[in-house]
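Chemist: Below you will find the structure I want to go over with you.
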Amino acid sequence: MPTYNIVVFGGDHCGPEVTAEALKVLDVIDNSNADVHFNIQPHLLGGASIDAHGEPLTDEALAAAKAADAVILGAIGGPKWGTGKVRPEQGILRLRKEMGTYGNLRPCFFASESLVKTSPLKEEVCRGVNFNIVRELTGGIYFGERTEDDGSGYAVDTEPYSRAEIERVARLAGFLALAEDPPCPVWSLDKANVMATSRLWRKTVTDVFANEFPQLKIGHHLIDSAAMLMVKNPRALNGVIVTSNLFGDIISDEASVIPGSLGLLPSASLTASPDGKSKCNGIYEPIHGSAPDISGKGIVNPVAMILSLGMMCKYSLQQPELAKKIDEAVRNVIEKGINTADIGGSAKTAEVGDAIAKELEALLK
């Protein structure tokens, strides 16, 4: 029976509320016939860590995360900690950098067909949307040299990218596309008509797929036309989307509104391709923030957090059947109408979590 070491960062505000529901799901698996055991290690991150330790991420918590099989994160940040010298966001940036989570995965899909009506897009436009955005997470403009405005009214950000960085994330996208049944197309987004780094990006991605994934379809879109296409005909992007840090940050937020609630979509940030040959640690978290306006009210949607567990089982733990069971349990509960207010229901956070745990327990018998 494999035992997996899982570090849990509840984080701030509604973060601990959703991780509490995730732990219910892990407890069900732990006590089922799945022959899987979890060693849960809770630690502080973000504002909670600042309050307790004066820093957003302690060396002890970082070491635990790096040594773990996977990391679960609720959400961090909030107005209490402002924009001062020590900020919650510094903790997650350090965590990503030190763990080396170079690939951020944000799938866009409907957890249940019944949710199509919650989308801001027309049903005939969004029905059948199913793509996975792979964002390069540790390079690009967020990590380039910068010059702050010193009062002169002038500032500079630079976007560096190396061929090796682009090759690595392109291979991750190719692996994910190849793992689908049947293999799906890959869409690379750039701004090659203007930016030198984008021209390097396009050439490198083209070379990787020609040499290493010749059986896959690879297409290229300029980021601005892709942003338009995502609203006009998002199914045209079904498959795997791969793009740079900045473009991925923006386009994944655009995609996040398609299912109708931020509380529905999971994410993963991976340290390696999940090929089963080497360790693939990852940070698994919902795409929503800490939502201080609703924290403590018991109304935050735990679905995104629980679906993130499914991604954890699929990628870091190499337990694809468990991942399918988690997704199925979530779908069944949504279709039974046990939903939080953001998707038209009246259930509380804990009620949804309890229902999913109970459904999963039945599926694992």
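All residue numbers here begin at 1 and follow the chain in the order shown.
Using the three backbone atoms N, Cα and C, a Cβ is placed for every residue, glycine included.
If you look up Swiss-Prot, you'll see 78-89, 289-301 marked as NAD(+) binding site, on the strength of similarity to another entry. The substrate binding site feature in Swiss-Prot is assigned to R96, R106, R135, D224; the stated evidence is similarity to another entry. The feature site 'Important for catalysis' is assigned by Swiss-Prot to Y142, K191, with similarity to another entry given as support. Annotation source Swiss-Prot lists Mg(2+) binding site at D224, D249, D253.
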Chemist: Which entry in the list of binding-site residues, D224, D249, has its Cβ near the fewest other Cβ atoms, using 10 Å as the limit?
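Modeler: Result for the binding-site residues D224, D249: minimum number of other Cβ atoms within 10 Å at D224.
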Chemist: On a simple 10 Å Cβ count over all chains shown, which one of the binding-site residues G78, G82, G289 is most densely packed?
Modeler: G78
Chemist: Return one of helix, strand or coil for D249 (Mg(2+) binding site), based on DSSP.
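Modeler: It is helical.
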Chemist: Fill in the CA-CA distance, R106 (substrate binding site) to G78 (NAD(+) binding site), as an integer in Å.
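Modeler: Their Cα atoms are separated by 23 Å.
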Chemist: Where does G78 (NAD(+) binding site) sit in the DSSP three-state scheme?
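Modeler: Once the DSSP labels are grouped into three classes, G78 (NAD(+) binding site) ends up as coil.
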Chemist: Out of the binding-site residues listed (G78, G82, D249, D253, K297), which are within 10 Å of D224 (substrate binding site), Cα to Cα?
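Modeler: Among G78, G82, D249, D253, K297, not one has a Cα sitting within 10 Å of that of D224 (substrate binding site).
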Chemist: By a simple count, how many Cβ atoms lie within 10 Å of the Cβ of K297 (NAD(+) binding site), its own Cβ left out?
Modeler: 13
Chemist: State the Cα to Cα distance, in Å, between G82 (NAD(+) binding site) and K191 (site 'Important for catalysis'), rounded to an integer.
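Modeler: Per the Cα atoms, G82 (NAD(+) binding site) and K191 (site 'Important for catalysis') stand 34 Å apart.
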Chemist: Counting across all protein chains present, how many other Cβ atoms fall within 10 Å of the Cβ of N301 (NAD(+) binding site)?
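Modeler: Total other Cβ atoms inside 10 Å, all chains included: 27.
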Chemist: In whole Å, note down how far the CA of Y142 (site 'Important for catalysis') lies from the CA of D249 (Mg(2+) binding site).
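Modeler: A Cα-Cα distance of 10 Å.
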Chemist: Starting from the Cβ centroid of D224, D249, D253, the recorded Mg(2+) site, name every other residue in that chain with its Cβ within 8 Å, sequence order please.
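Modeler: The surrounding set, listed in chain order, is I223, A227, L246, F247, G248, I250, I251, S252, E254.
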Chemist: I need the CA-to-CA distance for K191 (site 'Important for catalysis') versus R135 (substrate binding site), whole Å please.
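Modeler: Between the Cα atoms of K191 (site 'Important for catalysis') and R135 (substrate binding site), the distance comes to 15 Å.
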Chemist: Please name the residue among the recorded positions R96, R135, Y142, K191 whose C-beta has the most neighbouring C-beta atoms within 10 angstroms.
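Modeler: Sorting the candidates by Cβ neighbours within 10 Å, the top entry is R135.
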